[in-house]
Amino acid sequence: MKGQEETLLGKSVGQLTDWVKQQGQPAYRGKQLHQWLYQKGVRSLTEISVFPKAWREELKDYPIGRSNIVHCTIAPDQTRKYLLSLGDGLIIETVGIPTSKRLTVCVSSQVGCPMNCDFCATGKGGYTRNLTCAEIVDQVLTVQEDFQRRVSHVVFMGMGEPLLNLKEVIKAVKILNQDVGIGQRSLTISTVGVPKKILELAHHQLQVTFAVSLHAANQTLREQLIPSAKSYPLPKLLADCRKYVEITGRRVTFEYILLGGVNDLPEQGIQLAKCLTGFQSHVNLIPYNPIEEADYQRPDGESINRFKSILEEHKIAVSVRYSRGLEANAACGQLRAMSAAKN
C-alpha cells in the first residue's frame, strides 16, 4: 500500500522463499522463515536461531511488521482490549475474547472508520487510512502471543469498514487461513454495505461467514442510523445479499443492534421478518451498548425477547448476542482510540 513500509509479515511461503533467495540464502530458509513468522510469532529476525548468526546480525533492523501493545484493559470476563501502535505511530484497537473452547479476535481493518454510523463510537473519531494485510494479521498474532493460546476465530468487526479495504482483507483472510492455520469458516467478514463490493467478495468464493449490519428494515430509519445507506438502498442491498447466497452457497448473517424505542418495536420486527422470508440467512440481535457520544438506550429484556419471538414466529433463524467486554469499553460499537481522547 502506498506510503507503507514493506514487511515480511503478510507474505506467503512462496514470497518468503523468493525473498531469502534474493538475500543470497538457500531456498529452504524460506520455509524456516515462514514457520518462525506465523507459528512462533517472532518479533525480530534475530530471534530465528536456525539462521546463521552473521545473517541474523545483518537482518536485525529489517522490518517484520509487528505492532507494539501500548495499552491493554482486561474486563472481568477476561476479554482484553488492546491499543496497538503501528509502524507509523497510528493507534488501532483489537479485542481478544476468550471462552473455555475458543479464542476469538476482533480485528480492525482501517484506522478509524469513514461510515459514521450514528450509534457507533468508532465512527465519531474519523478515518485516517486502510490497514495493510500485515497489520491485520499482526493483530491476530499479538492476541495469540498475549493469551499464550491458539486463536480459533477471527471477526472483522473492529475499527473500519472491511469492504472498503477489500484487497487487503482478502489477502489477510488467505494468510490467516493458509499460513496461520485458521479455517475459513472460522473467519467472519462484516459490513454495513458498500455498493458493488458484496458481489465482488462473493466472486472470491471464500468459505468465510459473511455478516451484514442491517439495524433497520426500512430505508428511512436505516439512513438515519447509517448515513452511507443513502447510496445503497435497502432493496438493492438485500438483492445483492441474495445473489451472494446464490454465488457462494453460504447463508448471510444479519446483525441487528437493538436500540431501545428506535428499532425494537413489534411492527419493526414484523417488517424485518418480511424482508428476510425465504432468505438463507440468520439474524443476530445485539442489545445496544450505550456510549457517551450517542443518545441511544439499551432495550429492556422484555423488548429483546419480544422482538426475538416475532422473528421466530415468522420462521426466521435468530439468536441474541450479548457483547463481551463491556467493562473494558471493548464491546461492539465501542472501539475507539483512547489515546486520541487524551490528546
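Just so you know, glycine gets a Cβ as well, placed from its N, Cα and C.
Going by Swiss-Prot, these are the annotated features:
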ACT_SITE  Glu93  active site, proton acceptor
ACT_SITE  Cys332  active site, S-methylcysteine intermediate
BINDING   Cys113, Cys117, Cys120  [4Fe-4S] cluster binding site
BINDING   Gly160, Glu161, Ser190, Ser213, Leu214, His215, Asn289  S-adenosyl-L-methionine binding site
DISULFID  Cys106-Cys332  disulfide bond
DOMAIN    99-327  domain 'Radical SAM core'
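Mapped onto this structure are the features recorded in Swiss-Prot.
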residue : record                               : contacts (Cβ under 8 Å, 6+ apart)
Cys113  : [4Fe-4S] cluster binding site        : Cys120, Thr122, Gly123, Gly125, Tyr127, Met159, Gly160, Glu161
Ser190  : S-adenosyl-L-methionine binding site : Val155, Phe156, Met157, Pro162, Ala211, Val212, Ser213, Glu255
His215  : S-adenosyl-L-methionine binding site : Phe119, Arg222, Leu225, Ile226, Glu255, Tyr256, Ile257, Leu259, Asn263
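Across the residues of the domain 'Radical SAM core' (99-327), the predicted structure has a mean pLDDT of 94. Among the recorded positions Glu93, Cys106, Leu214, Asn289, the residue whose Cα lies closest in space to that of Cys117 ([4Fe-4S] cluster binding site) is Leu214. Around the Cβ of Cys117 ([4Fe-4S] cluster binding site), a 10 Å sphere holds 22 further Cβ atoms from the protein chains shown. Cα spacing between the residue listed as 'active site, proton acceptor' and Asn289 (S-adenosyl-L-methionine binding site): 17 Å, rounded to the nearest whole number. Within the same chain, residues at least six positions away from Leu214 (S-adenosyl-L-methionine binding site) with a Cβ under 8 Å of its Cβ are Arg222, Phe254, Glu255, Tyr256, Leu272.
The binding residues for S-adenosyl-L-methionine are recorded as Gly160, Glu161, Ser190, Ser213, Leu214, His215, Asn289; their greatest pairwise CA distance is 19 Å. Counting only the Cα atoms, the space from Asn289 (S-adenosyl-L-methionine binding site) to Cys106 (disulfide bond) is about 16 angstrom. The Cβ neighbour count for Gly160 (S-adenosyl-L-methionine binding site), using a 10 Å radius over every protein chain in view, is 29. Reduced to three states, the DSSP call for Cys117 ([4Fe-4S] cluster binding site) is coil.
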